[in-house]
Every structure is written in structure tokens, then in C-alpha cells.
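Per Swiss-Prot, these features apply:
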- 46-49, 168-171, 191-194, 255-256, 329-330: NADP(+) binding site (BINDING)
- L133, S134, V135, S136, T137, A138, A139, S140: substrate binding site (BINDING)
Amino acid sequence: MASLINQAAWQPKARTRSLQVGPGPTPSPNEHEIVIKVAYAAVNPTDWKMQDTPYFELEYPFIWGTDVAGTIVQLGSEVTQFKVGQRVIGHCDSLLTRKVTNAGFQLYTTVREILVAEIPDSLPLANAAVLPLSVSTAASALYVQLDLPFPSLSPKSTGKRIVIWGGSSSVGSSAIQLAVASGLEVVATASQANHDLVRSLGASQVFDHRAPSVIDQMASVLQPGDYVVDCIGSPDTQAKCGELVGRIGGGTLPVMLWPQGGLPQNVRAVFVNGLDPGMVNLDVGNAVWRKFIPEALAAGKFQAKPDPRIVPGGLEKVQEGIDMLRQGVSAQKIVIEISRSE
């Protein structure tokens, strides 16, 4: 096929809040990669955190961006499950590969096949863009760290409960739905304004995380052997979740922030790597990305939540979207309109 003319929003150097739009890398997929024309790309906390204080050294200029939704334009030679023209979501992994071709904030991105899922025509691409990183991260917490049963459209009850701390967050929204599809009863936290949203995702009980007695309230409905996941990733939420796990007999606590220490001795905090399902535990990637997510979206049994807050205007607006998220949002995800595809 003819060479694709790409454009990208580049980070010119470390620790600067000014992206520059210019020619992007030419996509050249390996045998197991897919080239997606990006219609929408979501912004995640990693984007502004890497812009302000990078976790590790990178060669600049670089391109951020993890969540994309768009249309397949090219397939690697060994890709058989997909076809050109399909509407898909993709989890971009440039922070792992260190390759800008694998980043999301560009017109064409290259994504590994196991982290791509077809979406139904009924799901707008802008809404679908909120899903990739949240699905992968929630899947890593539930199926890698906690070893829960894989999700199913017809789950069997495990008789267990799981606390999703931060139920209206992006990761929390996916974690609630995956946990329900794995046969668990979900107990969640959220601000009072977001209780209805969290219940609509499948939580049977929702507690106000600001309530002084929230730990006591939640501990009263849990039993030893139940689970807790911190989907917020702050020192405060990690400490509260650790206390809760300790109160019900101890166990593993998946966290979105490196373990901070100071937790009860019977609690083992483990950092959740959102790229694990596509890199290491491929059985998780296959069960979630290849099987469950496409089927559940098509059947209307998985919601793309939280709702997108769409920023139109193309790649020139990526920095604006990053700045908006840096200031904070609630029960929304910032989504940039990269190109007009629908």
C-alpha cells in the first residue's frame, strides 16, 4: 500500500508543557502489529506525569498517548483475527517499547495485536477511546495479581466480594464490570454524586469515600478472603485500602502507586502494571482483549465509562487536554478528537 503520511504531537524535550505538532513516524508494523488511523485518543494521568517528572529516561523528541480508537488501515503479516476497515480500540505501549511508532497522539499508530479489540457500530469511537488502558490495568489487578476467574458473559458466583476503591474512575469503571463478569459481588467507593453511575456499572453497594467511618462501614460487609483493589493510586487511598485489607484478615492489595510502606504486616501491596496482559501474562490478554471485551461490547454487557469529555481540534489540542486532566476531572475522561472518522 502507499506510504501513510503521518502527523504527531511531539514532546520536544523533558519537563516542558508544550507539545509540537509535526510530521510523525512512518508506520511499519511487524508481523503481529496493527496500524490504526486514530480518530480519538484519550488522555491519562501518565501523560501529564511523564511530561512533568518522567519516571525514567527517554530519548526526545517523544510521543505520549496510550488509549486510541479508530479504524484499521494495515495489518502485520501474521495477523488473522482482524481486517482492514474494522473499527477498533487499541492500547498503545510506547512507554514500554520506547518506540514512537507505538504512541497514541498521532494520526497513525502501530499497536500489538493482542491489545486491539473490535468494537460494535453502535459504540461511538469517542466513547470507546476511554477503555484501553483502564481495561488492561483492571485486568492486570484482577487476573494477574488476584488470580480471579476470567470474565464471562454468563459468570458463576464465586461467593466473594471485592472492594473497588474509586469506582467512578476510569480504571474503577472497568474493574467493577470485569469483577461482576468474573462472578464477584462488588462493593465500591465514590463521591455521593457518582453513586448512581457506579451502581449502573454493577456495584451492589456504594460508600462515600469521604465519610469518616467509611473503613468501618466497608469492613462490616466483608469477610476474610474477600478482596480490595485501590484504583485511585494515592498515598491516602493506599493507606486506607491497606487498613481495610488488614481488618479482614490480610492478603494481596493491588495498587496503582508504587507500594508506600507502613501497611499492616498481613497486607502485601503489589503494583499493577497495565501492560502486563499484553506482554507477560498473555493468557489474560487473550481472555480479556481477544474474547471478553469484543463479545461484551457487542452484547451490550460492558459500558464504555466514564463518559468522554471531547476536546475537538486535532493534534494541536493534545496539550490542552493534558493540562485539563492535570487540573483534575471527576467521572469523565478527556478525549482528543485526532481526526474525523465518523
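Glycine is no exception: its Cβ is also placed from the backbone N, Cα and C atoms.
Worth saying up front: this structure is predicted, and the values here are computed from it rather than measured.
Structure coloured by features recorded in Swiss-Prot.
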residue: L133; record: substrate binding site; contacts (Cβ under 8 Å, 6+ apart): A42, N44, T46, T66, D67, H91, S170, V171, G274
residue: S134; record: substrate binding site; contacts (Cβ under 8 Å, 6+ apart): S170, V171, S173, S174, A175
residue: S136; record: substrate binding site; contacts (Cβ under 8 Å, 6+ apart): H91, L115, G274, L275, D276, P277, G278, V288, W289
residue: T137; record: substrate binding site; contacts (Cβ under 8 Å, 6+ apart): V171, S174, M256, V272, G274
residue: A138; record: substrate binding site; contacts (Cβ under 8 Å, 6+ apart): V171, G172, S174, A175, L178, C231
residue: S191; record: NADP(+) binding site; contacts (Cβ under 8 Å, 6+ apart): S168, D208, H209, R210, S330
residue: A193; record: NADP(+) binding site; contacts (Cβ under 8 Å, 6+ apart): S330, A331
residue: V255; record: NADP(+) binding site; contacts (Cβ under 8 Å, 6+ apart): D230, G233, Q238, C241, A269, V270, F271, V272
residue: V329; record: NADP(+) binding site; contacts (Cβ under 8 Å, 6+ apart): R309
Distance from W48 (NADP(+) binding site) back to A139 (substrate binding site), taken between C-alpha atoms, in Å: 23
Packing count at W48 (NADP(+) binding site) (other Cβ atoms within 10 Å of its Cβ): 20
Fewest Cβ neighbours within 10 Å, where candidates are the binding-site residues T46, S140, S168, S170: T46
Neighbour tally for A139 (substrate binding site), based on other Cβ positions within 10 Å of its Cβ: 29
Nearest-integer angstrom distance between the alpha carbons (Cα) of W48 (NADP(+) binding site) and V135 (substrate binding site): 20
Local Cβ density at V135 (substrate binding site) - other Cβ atoms counted within 10 Å: 30
For T137 (substrate binding site): DSSP state (helix, strand, coil): helix
8 Å Cβ shell about L133, S134, V135, S136, T137, A138, A139, S140 centroid, substrate site members excluded: H91, P132, A141, V171, S174, A175, G274, P277
DSSP-derived structure type at V255 (NADP(+) binding site), helix or strand or else coil: strand
In three-state DSSP terms, the structure that S191 (NADP(+) binding site) belongs to: coil
Assigned element (helix, strand, coil) containing T46 (NADP(+) binding site), judged by DSSP: helix
For S170 (NADP(+) binding site), the three-state class that DSSP assigns: helix
